[in-house]
Amino acid sequence: MDREAFDRKYAARLNRQQQEAVHAVEGPVLLLAVPGSGKTTVLVTRLGYMLCCCGIAPDQILTMTYTRAAAGEMKQRFAALFGQDCPHPPEIRTINGVSSKIIAYYAQNCGKRPPFILAEDESALAKLVSDLYRDLCGEYPTQSVVKELRKSIAYAKNMMLPEERLGELDTGFEKFPELYREYGKALRDNEWMDYDDQMVYAKKILELHEDVRTYFQNRFPYICVDESQDTSRIQHAIIRLLAGKSGNIFMVGDEDQSIYGFRAAYPDALMQFEQTYPGARVLLMEENYRSTPEILRAADAFIRKNHHRRPKTIHPTRASGAAVRVIYAMDRADQYPWLVNMAASVREETAVLYRNNDSALPLIDLLDRGGIPYRCRRMDDAFFTHRIVADIRDIIALAHDQTDAETFLRIYYKVGGGISKKAAEYACQKSRATGGSILRELLGFPQLSQYGRDSAAALLTMLPMLLQDTAVQGLSRIWDGLRYRDYAERQKLDGGKYEILCLLARQETGLEGLCRRLDELQALVSAPSLPCGGGLILSTVHSSKGLEYDTVYLLDVLDGILPAVTEPKDAGQQDQYQEERRLFYVAVTRARNRLYLFACRNRESAFADELRRGLPREYIGPEDVFASLNTEPCGKHYRHAEKGGGVIRACCRGQCMVAYASGETEFLTLGQMVDRRAVAWRAPDRPAPAALPREQAALPPSGVRPGQRAVHRVFGPGTVLSFRDPIVEIRFPAKGDKKFVLSDSVQRGLLRLEE
């Protein structure tokens, strides 16, 4: 098939930039594709062009993707488009899959045994890390700690960090370098390798064994890489080795969408492409087929302020649509009832996107209580095993049972300053013997310092109070009263977990009920399949990458959450801040038709404020009725005719969420609020009597004497009883005796004396 025939059949609907990318076959090419520009269509069409028009055999092309799901989707799309003309598809694999193939070839064809066996049992690897942590620290780690340590190990391997630089990583664990070394030794002793080791060994084999490198370079003279902005440093090194001979590398990505820095994504490879591959061409795909111009203008203006990016402009192809809307809320907690109200009547595919899974928990709680269907993408239960959550639950458990030695030994040093381990063990031993409170026994320890004695007394006093507190009060007592906050800050723990606990506590009367609900929610999010149905989708921004939705709500775009870093202090934080901006950009560009984001009055939101400042403002003329009407009355008071007083907790374009003193929340339009408001009527003020004419207000020339007639503007005619300068006393038949400052009353026209 010649090029003209191919273009007529397969590329007729592609724009000029897309067609140029399809025809770019030879040499190094970097294709920068903005969101919604049809990059997968172009990738698949280019593969078909290479097979149908360029005489390239399918087994000479290697296409590498970021995930297995992406590889599967690309295979399906290729078969659907080119199944008849190209029955034999090219090889499409993840980079881990390619690494596995390199290791297998090395073992089979070079007379070598495989480096090690791939350890696919995730629970075994997690247990290994947990055991190493316990050996180093003398305590068992929570599941979330193990998860974070494994992420750090993977990051170090993907960034190819030498052991001497491991201490530079901000893991929150001082002994991480030692744990990393022991982890590697344990894998070798068991003749295991993890998934990241696959790439480490594959890279070493390609570097050290020219025959293996030459085989793969000859086998795959044409290499294509998808989502290259999320490819790690070691993965880029493997790609560079594979493409080193032919130089036919087609790399597709967008540094503006690089959001996996915590997994060692290396967008610098895109910025340095021409240096890595001399003679390279850089192509652009800038037309977006997904979103409305209103959404794209906001997104483009935002991402342009990023540093270290290639200049490009995202161009809309769709007609104008709805404006980007800001929902004004008083507090972070007010986002959730607004979303629940929306979810109850959603009719099209609507996504609520957030930075991390913690943000979804209060929403899942309310949706579950209300029986509202939803779908949730890739939720995990890491929140429930976090150290803060586990510690607070331990404190609550100790309040219920002050003889629980195991729990006491886990938490005494986190809330009781000045209590030594020796004192704690003494108290536990005495409690086992007497059956009494560990804290009371602690007070009997002879060597207990006064500071420790005060701490024990405070615990003894406050723990029983937790059983009487509301859930919100109890959490506050633990955090501040028992000074657990101090421990969390010293250990640099994520205080956001406490915030989420407080949001969940609003729905419970006591701490015992909160603990039960935490167990229910953990079971809910850990279930193999989360609730399905309805048009509402809950997802992290990362999990929504590559997807699109009719309507998108952005949740928790708040400083400290998104962005996590608000004032970068060094190069590392600056890189993180730039990635946070890219993450927000990716979130915005998931929306097809409508985009909403919250702005909380009592929380700073740098990203929401920046986006909002760039939105077009509605012009209202001075004579327009809306010039005198507050259409965004968040925080104002409102009194309902039947439900009483309330406060407008959130609002958007005349839709208001009113929270009443009774605890009820109601959604009303401004028109409904006018119709249903309570009106307090007050009688009109009586008109003031007219002042006496100035000529009548003067004092009579004969002075003032008893029995003299007088006329007052308010009290009418009367008779002077006495006068002692400056006070005159007058009797009025209808009002009784009154006293006045004579000169003042006369000058003001209130009083006239007759001759």
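Cβ coordinates come from backbone N, Cα and C, glycine included.
What TrEMBL annotates here:
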type	residues	note
DOMAIN	12-292	domain 'UvrD-like helicase ATP-binding'
BINDING	A33, V34, P35, G36, S37, G38, K39, T40	ATP binding site
DOMAIN	293-546	domain 'UvrD-like helicase C-terminal'
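Taking every protein chain shown into account, A33, V34 are the binding-site residues, and of these the Cβ with the most other Cβ atoms within 10 Å belongs to A33. Every protein chain shown contributes to the tally, and the Cβ of G38 (ATP binding site) ends up with 20 other Cβ atoms within 10 Å. Neighbour count (other Cβ atoms within 10 Å of the Cβ, all protein chains): 22 for G36 (ATP binding site). In the three-state DSSP scheme, A33 (ATP binding site) is classed as strand.
Report note: the ATP site is defined by A33, V34, P35, G36, S37, G38, K39, T40, and the residues of the same chain whose CB lies within 8 Å of the CB centroid of those residues, excluding them, are D254, M285, N288, Y289.
Long-range Cβ proximity for T40 (ATP binding site), meaning a same-chain Cβ under 8 A and a gap of 6 or more residues, is found for E73, M74, R77, D226. For the domain 'UvrD-like helicase C-terminal' (293-546), the model's average pLDDT works out to 93. Around the Cβ of S37 (ATP binding site), 26 further Cβ atoms fall within 10 Å across all displayed protein chains.
When other Cβ atoms within 10 Å of the Cβ of K39 (ATP binding site) are tallied across all protein chains shown, the result is 22. Around P35 (ATP binding site), the same-chain residues at least 6 positions away in sequence with a Cβ under 8 Å from its Cβ are D254, Q257, N288, R290, S291, A299, I314, V586, T589. Look at G38 (ATP binding site): DSSP puts it in coil.
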